[in-house]
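Report on the following structure.
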Amino acid sequence: MEPARPAPGRLRPLLCLLLAASNAWTGTAGDGELQVIQPERSVSVAAGETATLHCTVTSLSPVGPIKWFKGTGPGREFIYSQKEAPFPRVTNVSDATKRNNMDFSIRISNITPADAGVYYCVKFRKEERGDMEFKSGPGTHLTVSAKPSPPVLSGPTVRATPEQTVNFTCTSHGFSPRNISLKWFKNGNELSASQTSVDPEDNNVSYSINSTTKVLLATGDVHSQVICEVAHVTLQGGPPLRGTANLSETIRVPPTLEITGSPSAGNQVNVTCQVNKFYPRHLQLTWLENGNMSRTEAASVFVENKDGTFNQTSWFLVNSSAHREAVVLTCQVEHDGQPAVSKNHTLEVSAPQKDQDTGQTPGPNDSNWTSIFIVVGVVCALLVALLIAALYLLRIRQNKAKGSTSSTRLHEPEKNTRETTQIQDNNDITYADLNLPKGKKSTPKANEPNNHTEYASIQARPPPVSEDTLTYADLDMVHLNRTPKQPAPKPEPSYSEYASVQVQRK
């Protein structure tokens, strides 16, 4: 059973009402003035984020596109149009394919401080001569809050010594908004800034800051630091940004010299040059002997002190006996390209060393003279020794001669005590051991009958082979044997008695 259809007469009034309502709405939209609505007067985003700019219209009439611009006037910057070439960073918020779409909001990604400015949503009307600007929205001010760049510190271009004042400069840029604070510190102690400026002074998309402070250097500043701290709203209460400068790149601590001498083995003297508390460690040390360069050494081994400075020690061994006069030793140091500094040590030579020339390193002539002196000395010593030996031997011989020499005494003892008679021919020889007393020999009596010769033969022991000596014979006694005296009527001829002494020589 089919449902009952409405009567044709009843539908006609309903259709008329719908057409009337439709005509009324269309007339309102078409005849009313088009409005371009930008609800946000200002939008603030951080650099690197995405900004959304809203724009809607109240009517699609007149026919024409919607375009976005930054700024006003002839120099305004074209930002976006749906029907134009694509824009990498700008996209449409609404669905562009939707019929009767009246939302023309856009999104700008990866915002930078350069994107800051006033953006306008503008309605154009299509005409024969082209698109003509019809209506513009009030504009939306886009502000970009950008973090400041890390502070950069710069100091003096040349090194300075302690007790000098040097300037340090801190710079940071690219931040927005303009308000920013900057502080200086040295080793945790705040320093006052001598000058600080934020540029530009007028409104701009980003700003930069420049600040200067003065630092008084000290000897212990090798490990010191100068710090610049920057605080900005974009840091959202986090730690401030810091820039650091190490004073080790700025300071130069000149060395102090100490030179001492101490005796070593033999005639050696060890001269020490102590180079203390210098920085940086670029150093060259030279030894001078009486103003003449003796040795140069580039320091390679250092002793680092707690304050960051360095020490170096150099030794110079001197043979004091090689010098007849005082020696001036100079320790000369060139540090970090600066003029050389030096210190002297005078090595005194004692008086005996001044009078002799034995400690000198011998040259060719000195060596010859030394050899000659040695030979002459040895020869003289031998001659003296021989002379002493000769004198000694002569003295011994004289002493022996005095002790062993005695007078040869010939005497004639009594005939009745010891008598030995040998009857021989007229020329017989009698040998006897003689020890004659002093005095004159008795004269033979004239009444002796025989004329004969009597001898005393004395032989001495052979002397030692090594000595040339005279041997004196000690004659104990001589017995002259004669025949008994015969009385004669007349005197007999005289006879002689001899003592024969034989001496053997070498």
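Using the three backbone atoms N, Cα and C, a Cβ is placed for every residue, glycine included.
Feature motif 'SH2-binding', per Swiss-Prot, maps to range 455-458 of the set 327-330, 375-378, 455-458.
For CYS55, the disulfide partner named by Swiss-Prot from the candidate list CYS121, CYS170 is CYS121. When you go through ASN110, ASN179 in Swiss-Prot, the residue listed as N-linked glycosylation site is ASN179. Per Swiss-Prot, CYS331 makes its disulfide bond with CYS273 among CYS228, CYS273.
Feature annotation (Swiss-Prot): of 201-206, 291-296, 351-356, 441-446, the stretch labelled motif 'SH3-binding' is 441-446. As stated in Swiss-Prot, the feature motif 'SH2-binding' covers range 432-435 out of the listed 4-7, 20-23, 180-183, 432-435. Model confidence over the motif 'SH2-binding' (498-501) is summarised by a mean pLDDT of 49. Of all the Cβ atoms in the protein chains shown, 26 others lie within 10 Å of the Cβ of CYS170 (disulfide bond).
Spacing of CYS273 (disulfide bond) relative to ASN344 (N-linked glycosylation site) is 10 Å (Cα to Cα, whole number). Residue counts for the domain 'Ig-like V-type' (30-145) under DSSP, helix first, then strand, then coil, are 5 helix, 53 strand, 58 coil. The two recorded residues, ASN319 (N-linked glycosylation site) and ASN270 (N-linked glycosylation site), have Cα atoms 9 Å apart.
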